Amino acid sequence: MPQHDQLHRYLFENFAVRGELVTVSETLQQILENHDYPQPVKNVLAELLVATSLLTATLKFDGDITVQLQGDGPMSLAVINGNNNQQMRGVARVQGEIPENADLKTLVGNGYVVITITPSEGERYQGVVGLEGDTLAACLEDYFMRSEQLPTRLFIRTGDVDGKPAAGGMLLQVMPAQNAQQDDFDHLATLTETIKTEELLTLPANEVLWRLYHEEEVTVYDPQDVEFKCTCSRERCADALKTLPDEEVDSILAEDGEIDMHCDYCGNHYLFNAMDIAEIRNNASPADPQVH
């Protein structure tokens with residue numbers, strides 16, 4: 001049966017290696033439900049969601065991570081944003097025809113992966129790696145080796161459970177300031193690579209970990225729920241309107257009678273009429289009509 005969207009952290013007692021396991025279904029469905037994406041794009045967003053959840057769980061502070069693919073292919077952008085509370089949102093932009101069996105490079109074309117880490121306090125960090133690997137997991141493994149010099153492996157699977165999209169993934173990483181033997185890490189990676197999609201998406205995390213590592217000593221920590229959550233708001237839209245030239249705003253009002261701001265992530269609409277705009281310009285809070 002399908003599992004609740006959760007992330008599990010675990011630690012190998014005899015190796016300086018830590019791991020994570022995440023499965024998502026409801027969160028993925030909510031990201032996809034307001035859009036009519038082709039199946040290959042849905043698959044990429046599913047992989048991005050899993051990857052972002054796994055990467056966000058590596059944060060040692062409050063903040064968020066955005067993982068995005070950009071390129072000159074028919075899928076010009078795919079992005080997932082998540083925070084340390086495992087609250088996720090995402091969107092893709094598609095232009096042109098996409099073959100049913102399109103792989104990552106066909107979708108993105110000449111492109112790159114951008115990882116943006118934004119602490120709640122402190123400076124933002126951004127890393128960029130070229131889309132050189134055949135998979136998103138390979139590109140992110142390259143990112144970890146370049147940016148943090150930490151051997152890292154990601155294992156991402158996508159599929160369907162009870163006819164609904166689902167995805168899961170696992171991460172193995174040598175712990176910082178530890179001297180894990182490469183042979184040990186490779187051994188654990190080889191075990192992890194044997195995980196079947198059906199097992200990862202349908203079995204409880206503890207059973208997955210036992211099947212993979214029953215000959216190892218593994219400590220599993222309390223799970224963390226993963227959920228869809230959009231951070232859009234009427235106030236943020238009002239702040240965005242403040243940055244536009246008055247002439248542009250007035251022109252839209254004259255033509256349409258109101259300004260309709262649409263959130264690509266969740267599908268919400270925020271409507272502003274002439275009175276709302278006047279209040280915004282006077283630094284007052286506009287009324288709060290919202291259309292779903």
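Note: Cβ is positioned from N, Cα and C throughout, glycine not excepted.
Copied from Swiss-Prot, the annotated features are:
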DISULFID  C230-C232  disulfide bond
DISULFID  C263-C266  disulfide bond
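For C263 (disulfide bond), the Cβ neighbour count at a 10 Å cut-off comes to 18, with all displayed protein chains included. Using a 10 Å radius centred on the Cβ of C230 (disulfide bond) and all shown protein chains, the other Cβ atoms total 19. For C266 (disulfide bond), the Cβ neighbour count at a 10 Å cut-off comes to 18, with all displayed protein chains included. Taking CA atoms as the reference points, C266 (disulfide bond) and C232 (disulfide bond) are 8 Å apart. If you take the Cα of C230 (disulfide bond) and the Cα of C263 (disulfide bond), they are about 9 angstrom apart, rounded to a whole number. When the alpha carbons of C232 (disulfide bond) and C263 (disulfide bond) are compared, the span between them is 7 angstrom. Annotation note: C266 (disulfide bond) sits in a coil segment as assigned by DSSP.
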